[in-house]
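Trainee: Mind having a look at this structure? Questions to follow.
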Amino acid sequence: MAVCEETFLFLPAFGQAEQDWPNGLRIVLYMLGLMWIFVGVAIISDIFMNGIERICSQKKRVKNLKTGRTVTVMVWNATVANLTLMALGSSAPEIMLSVIEVLSNKFYVGDLGAGTIIGSAAFNLLMITAVSICALPDGEVRYIKDATVYAITATFSVFAYLWLLLILQVISPNVVEIWEGVITFLFFPVMLVMAFIADKGYFRLSGNDPAEFQDYNHIPDDVTKEELAEIEQQIREEHQNQISDDDVIHIMHQRFIGKPSRATYRHAAIAGGLGRKKSPMPGVFAEAGPGAVVEAELTYDAAATENEKHVEFGFGSTRYAFLENCKTAKLQLCRTGIADCGASVQVKTREGTAKNGDDYEHVDERVDFAVGEIEKTIEIKICDDVAYEEAEEFYVDLSDPQIQSPRARSTITISLMPEHAMATVVIIDDDHPGLLRFVEENMEVEESFEDKILLIPVERCRGASGIVGCSFYTEDASAVAGYDYLENKGDIKFQPAQQTAMISITIKPRGRYDRTSFFYLFITDPKNGAVFDEKTDGGEDKCVCHVTIKAALGKKETLDVMASKINWNKYSLGYSNWKNQFKSAIFPEAEEPEDGEEPEPISKWDWFVHFISMPWKLIFAVVPPVDYFNGWATFLTALAFIGLVTATVGDMANLVGCVLTLNPEITAITFVALGTSLPDTFASKRAAQAEPYADACVGNVTGSNAVNVFLGLGLPWMVASIYWACVNTTDAAYSTWMSNFLPGGIYHGVKDSMTPFAPNPVFVVPAGSLWFNLMVFSVNATVAIAVLYVRRKRIGGELGGPKKLQYVSAAFLVSQWLSYISLSSMWVTINAE
């Protein structure tokens, strides 16, 4: 029978009498108890995140000094919010467990804190990423948009654990000195500042974003205005001057992808000047345009050796771009080398995102070059339609080059240019669905004596092809939904050629006098190719309308007490929500049905889960709703509850480890780490499915892992190291500390490490098996990040892709996590014997 002699804060509930219970019964009860406490952790963590989201969603109106316009901006920078409040929200249980463990243990290091943080980091990076990779449908891909910030957080997430390994095993073995604790904690603001600077664009990694080529200014930095003007004129002439400025820029952008440097052109020019054979320079025909005359004087040198008698075929450019209405795409096919013989090559189109029959007509023909002929124009018919599509591409391949003259076949070799044997043809859609924006970004409305309907117009400009739409929703500012206006959200749709659509908002009478209040109306999620006007408030991601509610003109009274009326409305709404929190804790609520659907009845499983979680819900219902103090009341109260619950997690985990005769380090990296990370697993899976990018999933995992170390260990270790430095050798605490190094004491095995610090007390953190745990995780983390990098290069994103590849990637990451658990557990067991 296991006798648990650890020091506990709250448990066991029945005191030492539980030691006499059957061990099997205790195993079942403690395991069920641990799982039930994890339910409470999940519930209070979710409430905590609600408060954080409310805090981070605060907006303000500022004046742009450059444009003079007033725009809506977030109070919190997104990167700063993700690495501070959001990271704290997702990692609060682990961080609080580590902090409380040190503080409650009289500033001695605990058994679970460090192990839980490392185990949680391993689960987050390996298991959560594996789940997220497989969360997408077959073929769908998500990539990290802000790869520069991700590179910084990923680097810090590995460095943080290598730093722990360094200070515990190399710099000051088994001891955390003050400067080490301080620096560990200060790495957090360093990472935060670097990520913020990267977010502002001061760091730039080449090729860091698959969408990087969406930059329409992707033209060489040293291009002259004269060269640019020539390129523009050629493109306009190709399309009979019936082309807009935006289309010209789009074609330039597509053609200049991968444009070689000026040094490449210089090298080709020098080679020609020295009398060597002249090859078409990469990309030169992309500049000249498909209809331009190519000056490529290729002559046969009679004095050439047999090895120089060679013919090569290749496209003038590896990439072409055409508007959908151009009817015919013209590609330049060139040959270099010997020109006094006939030659031929097979030309064949191949589908990409553009499809044969729908977007272009298939070509599979042999092209003959007569004696002295060095250039041919390949024409491919482009199919035009009225439906909007993203830019699509297909490919044209060269194969089977042949010499036509029988006498020359034995003396002349022939081949394809390695880099120019395939050309990519981009079809740019010219059916513009249009830009969506508010007609007015700032609207004022006078309240009435009764409900008043405000119609807010959304216009569609610069194109009206096809059916498009977007979503809309209202958001509180000083005006509160339910009191000042009625919340509204939904979708609007524009039929072909329709220019305007209306959003209706109900304004409620509140008896305003001198004071005004306002709220926001957003349009988001454009559909069927429509985009938002990037010059409006909100930029290209959304459009914002600022609606101000004013008092009616007929009211003249000026009662000062009414100036605070709206603020009291907020508290009134908060009290209403507080009441609903207790109601929801007692009675289960069915999910809201979709429009036109019948609500589904509450299932037996829902009743069971509600019954299990009801005690926690009732306890946490006392947490103030997010309506109070813009979420700060929720944040602070929930944080206090998380501290209490995680303290109970520590007690229960120690009891589980005791009855199962598991080393506390094994308990930390398995049961505790798993339980505290499961809520993040489901949240990350939803984020992977709902978000257009992988930042909210993969990026946040690396950021949270780094924050776990810098806050979860840096903060308590810094405080503990300072505490022990302040303890005098005459204090009772010093005597107790010294007794731990005697035979049988918890620090007896590391007493030799104390020699450099004797006789002064220090904060002891035995490396024990912790260093091996750190080393294994660091290796696994490096490999996992490399896997994500390879996926980004191969399929264009960290998440998703073909289903088979999803499963292979996920299986590899899961195997890494299993190897981490197995190796760490084996090492702990071996060293404990």
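Even glycines carry a Cβ here, placed using N, Cα and C.
TrEMBL does not curate its annotations; it predicts them automatically.
Feature table excerpt (TrEMBL):
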{"type": "DOMAIN", "residues": "302-399", "note": "domain 'Calx-beta'"}
{"type": "DOMAIN", "residues": "423-522", "note": "domain 'Calx-beta'"}
{"type": "TRANSMEM", "residues": "27-49", "note": "transmembrane segment"}
{"type": "TRANSMEM", "residues": "70-92", "note": "transmembrane segment"}
{"type": "TRANSMEM", "residues": "112-136", "note": "transmembrane segment"}
{"type": "TRANSMEM", "residues": "148-172", "note": "transmembrane segment"}
{"type": "TRANSMEM", "residues": "178-198", "note": "transmembrane segment"}
{"type": "TRANSMEM", "residues": "632-650", "note": "transmembrane segment"}
{"type": "TRANSMEM", "residues": "706-725", "note": "transmembrane segment"}
{"type": "TRANSMEM", "residues": "770-790", "note": "transmembrane segment"}
{"type": "TRANSMEM", "residues": "810-830", "note": "transmembrane segment"}
Trainee: Mind pulling out the one from 70-92, 112-136, 148-172, 632-650, 706-725 with the most Cβ pairs under 8 angstroms to the transmembrane segment (178-198)?
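Mentor: Most contacts with the transmembrane segment (178-198): 706-725.
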Trainee: For the transmembrane segment (27-49), name the stretch out of 70-92, 112-136, 148-172, 632-650, 810-830 with the most CB-CB pairs under 8 Å.
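Mentor: That would be 632-650.
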Trainee: Under a Cβ pair cut-off of under 8 Å, which of the recorded stretches 70-92, 148-172, 632-650, 810-830 contacts the transmembrane segment (706-725) most often?
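Mentor: If we count Cβ pairs closer than 8 Å to the transmembrane segment (706-725), 148-172 scores highest.
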Trainee: DSSP-wise, what's the residue breakdown of the domain 'Calx-beta' (302-399) into helix, strand and coil?
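Mentor: For that range the per-state counts are 6 helix, 53 strand, 39 coil.
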Trainee: Find the member of 70-92, 148-172, 632-650, 770-790 that has more C-beta pairs under 8 Å to the transmembrane segment (112-136) than any other listed stretch.
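Mentor: Between the candidates 70-92, 148-172, 632-650, 770-790, the best contact partner of the transmembrane segment (112-136) is 770-790.
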Trainee: How many of the residues that make up the domain 'Calx-beta' (423-522) does DSSP mark as helix, as strand and as coil?
Mentor: 0 helix, 56 strand, 44 coil
Trainee: With Cβ-Cβ distances below 8 Å as the criterion, list the same-chain residues six or more beyond the ends of the transmembrane segment (632-650) that contact it, or say none.
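Mentor: For the transmembrane segment (632-650), the nonlocal Cβ contacts are 9-11, 34, 37-38, 40-41, 44-45, 47-48, 50-52, 54-55, 85, 92-93, 96-97, 99-101, 104, 110, 112, 619-620, 622-626, 672, 675-676.
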